[in-house]
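Q: I grabbed these lines from TrEMBL:
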TRANSMEM  B:31-52  transmembrane segment
TRANSMEM  B:64-85  transmembrane segment
TRANSMEM  B:97-118  transmembrane segment
TRANSMEM  B:130-150  transmembrane segment
TRANSMEM  B:162-180  transmembrane segment
TRANSMEM  B:200-220  transmembrane segment
TRANSMEM  B:240-262  transmembrane segment
TRANSMEM  B:274-297  transmembrane segment
TRANSMEM  B:303-323  transmembrane segment
TRANSMEM  B:330-350  transmembrane segment
Amino acid sequence: MMKRHGFAICLILSFALSAAAHYVGSPAFNPTLQFLIAAVAIIFAAGFLGKATESVAQYAGERLGGFLNATFGNAAELIIAIFLVKDGLFNTVKASITGSIIGNMLLVLGLSVLIGGLKYKEQHFNVKLAGHNASLMLLAVIALFIPAAFTRSLTTMETQTLSIIVSVILIVAYLLWLFFSMITHKTELSDQALEHGEAVWSKGTSVLFLLLATTMVAIESEWLVSTLEPFSHQYGLSDLFVGAFLIAIVGNAAEHSAAIIMARKNKMGAAVEIAVGSSLQISLFVAPVLVLLSLWFGNPMNIIFTVYELVAIGVAAIIATSISRDGSTTWYEGVLLLVVYLILGIAFYLV
Amino acid sequence: MMKRHGFAICLILSFALSAAAHYVGSPAFNPTLQFLIAAVAIIFAAGFLGKATESVAQYAGERLGGFLNATFGNAAELIIAIFLVKDGLFNTVKASITGSIIGNMLLVLGLSVLIGGLKYKEQHFNVKLAGHNASLMLLAVIALFIPAAFTRSLTTMETQTLSIIVSVILIVAYLLWLFFSMITHKTELSDQALEHGEAVWSKGTSVLFLLLATTMVAIESEWLVSTLEPFSHQYGLSDLFVGAFLIAIVGNAAEHSAAIIMARKNKMGAAVEIAVGSSLQISLFVAPVLVLLSLWFGNPMNIIFTVYELVAIGVAAIIATSISRDGSTTWYEGVLLLVVYLILGIAFYLV
Amino acid sequence: MMKRHGFAICLILSFALSAAAHYVGSPAFNPTLQFLIAAVAIIFAAGFLGKATESVAQYAGERLGGFLNATFGNAAELIIAIFLVKDGLFNTVKASITGSIIGNMLLVLGLSVLIGGLKYKEQHFNVKLAGHNASLMLLAVIALFIPAAFTRSLTTMETQTLSIIVSVILIVAYLLWLFFSMITHKTELSDQALEHGEAVWSKGTSVLFLLLATTMVAIESEWLVSTLEPFSHQYGLSDLFVGAFLIAIVGNAAEHSAAIIMARKNKMGAAVEIAVGSSLQISLFVAPVLVLLSLWFGNPMNIIFTVYELVAIGVAAIIATSISRDGSTTWYEGVLLLVVYLILGIAFYLV
């Protein structure tokens with residue numbers, strides 16, 4: 001009880017302090033200080049979010065809990081991306097979409113698998129869900145790859161048409177996936193019945209806290225992102241690297257903490273749902289929605305990613321699919337995911 | 001009984017009418033009318049073929065029945081392609097080979113899986129066969145990809161040599177596959193014993209009807225194909241799109257009807273054999289045979305496909321492999337296959 | 001007993017004769033004669049090595065026996081490659097690394113699977129090891145592919161930096177893999193308890209003979225390699241083909257004989273460990289070590305492979321992964337591996 005009160009106080013104080021740092025700004029708070037304060041605040045908010053996710057998962061099951069976490073986590077990213085699209089910063093949007101996809105599939109999943117695997121020799125999750133996830137990941141890669149492969153023979157107008165149609169198809173496919181996995185085949189894709197632990201909060205409180213925690217993470221992420229520019233400028237980092245790695249790591253803080261906590265509790269199903277589910281949501285839903293929204297803003301964005309972005313997404317999907325397809329993970333498979341993330345990070349840093 | 005007589009009358013009448021439309025031609029029958037008549041005739045003939053395949057499958061087992069259907073279905077395409085090769089229309093040949101491979105792996109398989117899955121929650125087929133099929137599909141992709149990847153460093157002569165050697169290797173590999181799957185490992189790759197329904201026709205009649213039905217579909221397909229040119233010209237469709245999509249969809253009518261009927265009867269093994277088996281036969285047998293025949297005609301065709309064709313075949317193989325490898329399917333996996341087909345279709349249409 | 005004495009005499013005589021041929025040289029021994037003598041000597045030495053591996057495997061288990069065989073086999077290749085790096089013959093080094101990887105994954109594994117499969121209808125090995133092996137193979141492909149994909153946007157200096165960092169990461173990943181597979185998850189990845197046959201030699205003698213046999217194969221391989229140049233010159237073979245096929249086939253003689261003997265004894269786990277384990281060791285350990293050693297020699301080699309080499313390695317990994325992932329093999333899967341090797345060989349020969 002004591003411990004919980006202490007946590008609540010830190011959570012609120014750090015939030016207030018980072019708000020002050022954001023709105024007062026320099027010279028009272030220099031960029032480095034702003035960055036550190038925002039980062040600490042996010043750590044507490046992410047911890048809160050992890051607890052809330054866990055509590056919701058106890059009522060709703062691993063998968064739905066994971067799905068809610070992934071969705072709230074991505075809502076923040078969607079909001080940030082909408083502002084970027086409105087400003088026509090398409091390269092930054094695409095870099096951060098790329099970063100979010102590979103960050104979830106490699107870093108979040110990798111850390112969860114590694115940290116969970118250090119505690120449990122082998123962790124299991126629904127093998128049918130793993131198979132369907134793998135096929136969906138491949139669809140995401142294919143849907144981003146085909147327009148890029150055909151674009152050099154297309155006019156700008158045709159590329160835009162292709163982008164819009166592919167976007168609509170992907171959104172329909174994603175909604176059908178939700179219908180399939182949440183309704184028609186819910187039982188088949190769920191993990192075995194969990195022995196329920198003692199719930200900390202009531203059902204309603206859990207959902208409310210999940211919402212609150214996600215909002216806090218979202219707001220603090222935005223504040224942190226706004227401190228990144230002076231940083232990256234100072235250290236000479238490229239937009240691609242900042243978008244695909246720094247922003248993505250910070251932006252996925254919610255998924256990070258929740259997924260790792262789930263993995264430590266041997267609820268690999270929830271951890272995979274958060275990490276992979278989040279990647280799928282971004283590639284099959286968030287990205288296409290941004291393409292369609294850009295039309296409405298009168299400044300159309302196409303769905304063509306750069307070769308480097310496609311390489312990163314393709315490589316991440318292949319290794320994550322290979323590791324998760326059998327429905328079980330070991331600590332070394334976490335290492336493999338992290339190694340690929342590291343190699344990609346260095347390559348993007350140098351480009 | 002009544003119903004069966006009515007079907008037989010429609011079958012014969014529609015065949016006669018489409019023959020008249022083909023040989024009398026315009027102005028009595030304008031292209032649109034010819035097209036519609038031929039299409040209706042094919043629908044009846046394909047229905048007949050589906051029944052015959054089903055009856056043969058009851059005597060010969062799911063796999064052999066599926067193999068016979070795939071072979072008879074491809075025989076028609078082989079005959080059409082031989083005439084195209086003789087006339088030196090290599091691009092059209094390759095486009096229709098591509099279309100036939102992806103049409104079977106995405107459209108035929110996708111529709112079967114979707115329609116079967118709407119009736120049964122999960123459908124199963126021999127998992128070892130699925131694994132071997134997946135490896136063979138990858139071989140097909142690899143064998144078409146390597147010559148294309150190496151051709152820019154080769155002279156025309158060397159490319160031709162490579163094409164001939166690869167063709168011979170693929171034909172040998174395909175014959176060994178038949179030996180393996182039909183003789184040495186027949187039992188291991190077959191589906192569980194089916195409870196036999198009441199056979200409609202005797203064994204001999206079934207085989208005879210299978211032959212007859214395939215021939216009808218083949219002839220009517222050719223007639224329909226001959227009506228496509230004015231059509232595609234009128235709507236400004238490219239040769240690539242017509243070859244890879246319109247001709248392929250019509251040309252695979254036999255596989256379509258039979259595979260879907262099998263899936264509806266929960267005989268997924270037969271449906272997969274028809275769809276995937278047909279793709280494999282085209283890429284590992286029909287295409288190489290055409291390359292060798294072109295030598296004999298004195299106008300050699302190489303085995304180099306365009307980048308777009310290779311992308312389409314590669315993408316189709318990857319998603320079909322991912323979905324079928326576990327030996328079970330759900331309706332959503334059918335959606336995934338159809339979505340990829342749709343995206344490819346739009347990209348080919350726009351190029 | 002009689003037979004064993006006869007074998008020992010042939011082994012020693014052929015070794016002595018090939019030594020004479022190497023050091024006396026022409027005109028007493030012309031290149032063709034040198035080549036034939038060295039080849040015969042290698043056949044005997046490889047036979048000896050196979051026996052020694054088998055004996056060690058009886059004491060140490062299939063996996064450790066396979067690992068020792070792979071390591072000793074690669075030690076020879078590492079030594080040869082170090083001399084090539086020192087001389088700055090980077091293209092030859094990379095070609096022979098490529099050849100060694102695909103030679104093990106396609107030729108050695110293919111022959112083992114085929115020959116083993118002709119005797120046993122289906123052969124099995126640990127399915128978890130197969131899954132981890134597949135993911136590691138993909139890591140190897142990814143780690144070689146990313147630097148090549150990014151290099152055109154990098155300066156020579158940046159490419160070198162990327163090469164060094166990737167090399168260090170791969171070596172760490174490989175050492176962690178040994179720690180994982182030999183220590184923390186040894187039991188999970190091992191094959192079922194073997195019924196032990198009667199051991200021919202004592203434990204100490206077996207290890208000693210394994211060391212001796214590997215050394216003999218290594219030395220004789222080097223002698224054989226030195227006879228290849230006049231050969232390849234005479235028949236107009238390219239450096240790429242000689243490096244990637246001729247040298248690799250000879251250099252992998254140790255793995256060949258041991259893996260095939262294991263497969264014939266239905267010890268598929270050991271055969272896979274030798275073939276796949278050797279490929280992994282070369283790509284994740286030998287190649288990166290050579291990059292780091294080149295720095296020390298003051299003549300830095302990068303990790304960028306040519307497109308053709310990457311195609312070959314990628315294709316080999318995909319088909320080998322597809323075949324081995326289910327933990328069982330049939331003779332036809334051996335055919336598939338050999339067919340891909342053959343197609344690659346012809347393409348490399350023609351380029």
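Any Cβ shown, glycine's included, is placed from N, Cα and C.
On a predicted model such as this, the values are computed, not experimentally measured, just so you know.
I'd like these features described in context: how deep, what's nearby, how far apart.
A: Note on the transmembrane segment (B:31-52): residues 7, 10-11, 14-15, 17-18, 21-22, 25, 69, 200-201, 206, 209-210, 212-214, 216-217, 220-221, 223-224, 227-228, 230-231, 250, 253-254, 256-258, 260-261 of its chain, located 6 or more positions outside it, place their CB under 8 angstroms from a CB of the stretch.
If one looks beyond the transmembrane segment (B:97-118) by at least 6 residues along the same chain, the residues whose Cβ comes under 8 Å of a Cβ in the stretch are 74, 77, 81, 137, 140, 243-245, 247-249, 251-252, 255-256, 259-260, 262-264, 266, 268, 271-272, 274-276, 278-279, 282-283, 286-287, 290, 305, 309, 312-313, 316-317, 319-320, 323-324, 329-338, 340-341, 344.
With a cut-off of 8 Å between Cβ atoms, the residues of this chain six or more beyond the transmembrane segment (B:130-150) that come close are 101, 105, 159, 162-163, 166, 169-170, 173, 177, 181, 189, 272, 276-277, 279-280, 283-284, 287, 302-305, 307, 310, 313-314, 317, 320-321, 324-327.
Here the transmembrane segment (B:162-180) has Cβ contacts under 8 Å with residues 136, 139-140, 143, 146-147, 150-151, 154, 280-281, 283-285, 287-289, 291-292, 295, 300-304 of the same chain, all six or more residues outside its ends.
Cβ atoms under 8 Å from those of the transmembrane segment (B:200-220) belong to residues 11, 15, 18, 38, 41-42, 45-46, 48-49, 51-53, 55-56, 58-59, 68-69, 72-73, 75-76, 79, 253-254 of the same chain, restricted to positions at least 6 beyond its ends.
Away from its own ends, the transmembrane segment (B:240-262) comes close to residues 39, 42-43, 45-47, 49-51, 53-54, 57, 62, 66, 69-70, 72-73, 76-77, 80, 91-92, 94-96, 98-100, 102-104, 107-109, 111-112, 115-116, 213-214, 217-218, 221, 224-225, 228, 231-232, 268, 270-271, 274-275, 278, 308-309, 312, 345, 348-349, 351 of its chain (Cβ-Cβ under 8 Å, at least six residues beyond either end).
Residues of the same chain lying 6 or more positions beyond the ends of the transmembrane segment (B:274-297) and with a Cβ under 8 Å from any Cβ of it are 53, 66-67, 69-71, 73-74, 77-78, 81-82, 85-86, 90, 93, 97, 100-101, 104-105, 108-109, 112, 133, 136-137, 139-140, 143-144, 163-164, 166-168, 170-171, 173-174, 177, 252, 255, 258-259, 262, 303, 313, 320, 324.
Within the chain, the transmembrane segment (B:303-323) has long-range Cβ neighbours (under 8 A, six or more residues past its boundaries) at 94-95, 98, 101-102, 105-106, 109, 113, 134, 137-138, 140-141, 144-145, 147-148, 151, 159, 162-163, 166-167, 240, 244, 276, 279, 283, 287-288, 291, 329, 333, 336-337, 340-341, 344, 347-348, 351.
Counting same-chain residues at least six beyond the ends of the transmembrane segment (B:330-350), those with a Cβ under 8 angstroms from any Cβ of the stretch are 102-103, 105-107, 109-118, 121-123, 237-238, 240-241, 244-245, 308, 312, 315-316, 319-320, 323.
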